[in-house]
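Student: Next up is a structure, given as structure tokens.
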Amino acid sequence: MAHQTGIHATEELKEFFAKARAGSIRLIKVIIEDEQLVLGASQEPVGRWDQDYDRAVLPLLDAQEPCYLLFRLDSQNAQGFEWLFLAWSPDNSPVRLKMLYAATRATVKKEFGGGHIKDELFGTVKDDLSLAGYQKHLSSCAAPAPLTSAERELQQIRINEVKTEISVESKHQTLQGLAFPLQPEAQRALQQLKQKTVNYIQLKLDLERETIELVHTEPTNVAQLPSRIPRDAARYHFFLYKHTHEGDALESVVFIYSMPGYKCSIKERMLYSSCKSRLLDSVEQDFQLEIAKKIEIGDGAELTAEFLYDEVHPKQHAFKQAFAKPKGPGGKRGHKRLIRGPGENGEDS
């Protein structure tokens, strides 16, 4: 769930979106300026979409400034032309800008119209968002993907897990995934997290040894958390999130599974996904660590302070509290109205 920043499109940009959706525009560049989404640049089609792609997209990717690009394909769906949504966040741009653009990404798609967007890409270097990068993305998403013998074996393991007979004894063990053992250093780190002598743990899979290894336990605060997320490798993270909620000081353990998409091999994606549930079971049962929230991300810039708070304390909780003492309607009817408990099935008289 993407955190919303309160930034919205200007009326001029909304009008341009409407014009572009009709098919007269090949590319739209959107930037954040004065806390608003504004039109940065646009281009009309010259040739086929694949002929226009690199010459339209690549020159608009600034080495220092993030941006959003909407690129029109030649294919159509029921709503009209299909578009690619490209999120550009270069390595050299300031962390504050990266976080702002990551948190506003969902708003841009909503303002443009999510039904028009066929696919989306995220890039930190130009190769990520080039035509070759897009084709690589399509290849990685294609099903069935080409598998090595080891990957086919892993796939068969997962299929067999699905087919496991569900009985009273086995139903809680079905689909629990692969269990790579935690190395001693990783176990010690989890014990330290339970004792609150460390506040951050990063773990990785050793694919050759089939173990879960400790990467580091560097002290980390919320502001530093995005920088802990590798851009080119998957990781498991445990973070002791210290914050205040409704006047109470809390320390909540948050699990973060970071997977930077197609930058990882199919085997790596499958193994990290398959090992995750068994790792969490071990952490909660063997180490008696209560995990307040489990989050999956593709980019560290998503981990803003507000995003973490909203994940641990979803806003719907506030609505429940608001309805705890509803105001009765005016007039005599207000004195007769009852709020029934969850076990009562009577009807209003």
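Cβ from N, Cα, C; glycine included.
Here the structure is a predicted model, which means the values were calculated and not measured.
Take a look at what Swiss-Prot says about it:
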type     : residues : note
MOD_RES  : ALA2     : N-acetylalanine
DOMAIN   : 4-139    : domain 'ADF-H 1'
MOD_RES  : LYS14    : N6-acetyllysine
DOMAIN   : 177-313  : domain 'ADF-H 2'
MOD_RES  : TYR309   : phosphotyrosine
COMPBIAS : 330-339  : compositional bias 'Basic residues'
MOD_RES  : SER349   : phosphoserine
Student: What are the helix, strand and coil residue counts for the domain 'ADF-H 2' (177-313) according to DSSP?
Tutor: 52 helix, 43 strand, 42 coil
Student: Per DSSP, what is the residue tally for the domain 'ADF-H 1' (4-139) in helix, strand and coil?
Tutor: 60 helix, 44 strand, 32 coil
Student: Between the residue listed as 'phosphotyrosine' and LYS14 (N6-acetyllysine), what C-alpha distance do you get in Å?
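Tutor: On Cα coordinates alone, these residues lie 31 Å apart.
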Student: Looking only at Cβ atoms, how many others are within 10 Å of the one on the residue listed as 'N6-acetyllysine'?
Tutor: 14
Student: Taking the Cβ of TYR309 (phosphotyrosine) as centre, how many other Cβ atoms lie within 10 Å?
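Tutor: Around TYR309 (phosphotyrosine), other Cβ atoms within 10 Å: 16.
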